[in-house]
Structure formats: C-alpha cells, structure tokens
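Worksheet: one structure, shown below.
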Amino acid sequence: MFSSIAPLARLNPFYAPHFQLAQDGVRKRAEPAEAPTTRRSLAAAAAAEEYSCEYGSLKFYALCGVGGVLSCGLTHTAVVPLDLVKCRMQVDPQKYKSIFNGFSVTVKEDGVRGLAKGWAPTFIGYSMQGLCKFGFYEVFKILYGNVLGEENAYLWRTSLYLAASASAEFFADIALAPMEAAKVRIQTQPGYANTLRQAVPKMFGEEGLWAFYKGVAPLWMRQIPYTMMKFACFERTVEALYKYVVPKPRSDCTKGEQLVVTFVAGYIAGVFCAIVSHPADSVVSVLNKEKGSSASQVLKRLGFRGVWKGLFARIIMIGTLTALQWFIYDSVKVYFRLPRPPPPEMPESLKKKLGLTE
C-alpha cells in the first residue's frame, strides 16, 4: 500500500522533507546510486565550457533580470485587452457581466482601439516587476541556499523556493505599484485619462505620491502568494515531470524538449496562481479606481462572491501568461548560454549518512 501511495504523494509540490527523505531511501536502494549522479556530473562538466558566465555571478543575475523584463513586460502587454475586460468586470459587474459581454460593450463604446487602453503603464510596470521578480529570485535562492547548506537546501527546497520568491516579489511590487495604479485608472474610469502622460500628472495633482503607492499593500497581498505559488509549483512540477513523465533525464533532452517541459510546468503553475491571488486582485482593481477607500472597506463591500468575479478570465490570462513567461525566461537563459542547473538531487554526503552508498 505504501509503495502505491508514495508516487501520488510525491507529486504534491509541498510534501514534507522527512517523507521525501524516506522515499528517496527506498528508491535509491532499488537503483544504482551512482549512475544518475555520474551521468549528470559528466554532462555538467561537458557543458561548463559553453556557459557565458558563472552561476551566481553579477552577469548571471543581470541577464536573468533581462529575461524577467522580456518575459513579464511582453506577455502582460500582449493580454492588455483581456486584462482590461477583467478589471472592468471587477469594478462594474452590472455593466460588464461576462468576458464576451465585456469585450462587446468595450468595442461598442470605445472601438477596437479601446481594448489597448493602459498598454504603456502595463509594459513599463511589468517590465520593472519582471526585472526584480526573476533577478532577485535567483539572488535569494542562492543566498538562502548557501545559508541552509547543501543538505538542508535539498531537504527543504520547497520552503527555499517559497522564501526566495516571496522576498523577490516584495521588491518587485514596489517597482510595479505606480504603473499599476495608473493602468487601473485609465482602464476603469471613463474620461479620466486615455494615456499614461495624461494620467500621471492628474493623479499626482489630486493625491500626491500616495496615489501611486496606496495600492502597494494589496499588491503584496495579491502578488506575494501568487509568486510563491508560481515559483514553488513550477520548480516542483518540473522536477515531477522529469521524474515521472519525461522518459529520459533532462541532460539527454534537447533544448527544445526542455523548453516544452518548461511551458507545460508553467501553465500548471499559472492555474494555481490565478486561484490563489484572485480575491486580492479584485480588491486592488476597485481600490485603485476609488478615492478614499481602504482595502478592508472594499473587501467588506464586495463580499465573498464579489471577490471571485472575473476568475475565469483571470485563469485564462494568468495560465497563459505564466506558461509564456517561463518559456521566454528559459529561452533567454538558453540564448545567453546561462547555467541552468538540473532538477535537484540528493547530495552525496546525505546519501552516505543514510547508508545509500558504500
């Protein structure tokens, strides 16, 4: 019974380290312990000379930041029409009753060009967010991994992913907040402003700097759980796909095959991200539209059903976004020949402690 339940339990990205440790022990006794490690070590050694920089170097972090700019900036700008309709459904559900109705009403009132409202703050804001999110994630993952040590970093790797992504998103949301506030004003307040150049001075004149940062706390509420799920679920899904689905080790896969795995894992992570972060997203949309309201007041007024308005649109948007973001980010790493460590494997020192090697 234990052997039949174990594979299913291990697919859960948040299972406990001690359980996983026991399972590794069972699996490693049934397989040659050295073969996978030797194969990956040889592959890593062969590829080392092809890397453009050292893992964890300043150049590595900078290029990861570039990947974040491209992955977040381009993808969020591409789905501006869907984001616009989603925001309008959240702030005015009586007028915008569904996705298709929202598109129809928007095109009827503003024309096809109206679907692109808010593209400039979206591109700038999410490019800055991507720079911090992906760049700092790599920084914090390595930093926290070094603090934990090799063995604990392996055993507690899910917690490591969660902590690193939460830390990165804290700074990413500070970079995003001003443009997110401007975007929501442009998209949800007819007649307020049509462009970023019109919105920024008007917002500053009415409320000062507070207009750009009053939504940062709800952004943290929305984006930090979203990003924690995005990175932890992605990392563990990639690990599970290579272990249970892909018929060969990652080192034997072509770059194209690896990117397909990245896309699939990204979409799976994106669906969970959308569900986790949607209530806070509804609060942010309403809060940035209204003056003088607090997050608690908006949440109380929307109620349980109100905060889930537009969820289907958000699942489509975020699932596609997350998959494309990981695909673009990994493609940038491939293009710039950055080190891409294989899925984590139990350190040799831990194998010896458990008596898995002679």
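Residue 1 is the first one shown; counting continues down the chain.
The backbone N, Cα and C atoms fix where each Cβ goes, and this holds for glycine too.
Unlike curated records, TrEMBL annotations are generated automatically.
As annotated in TrEMBL, transmembrane segment covers the listed stretch 311-329 rather than the other ranges in 159-177, 311-329. Panel annotation: around the transmembrane segment (259-280), residues 218, 221-223, 225-227, 229-231, 233-234, 237-238, 241-242, 246, 250, 253, 299, 307-308, 310-311, 314-315, 317-327, 330-331, 334 of the same chain, lying at least six beyond its termini, place a Cβ under 8 Å from a Cβ of the stretch. Per DSSP, the repeat 'Solcar' (59-143) is made up of 74 helix, 0 strand, 11 coil.
The DSSP breakdown of the repeat 'Solcar' (257-335) into helical (H, G, I), extended (E, B) and coil residues amounts to 70 helix, 0 strand, 9 coil.
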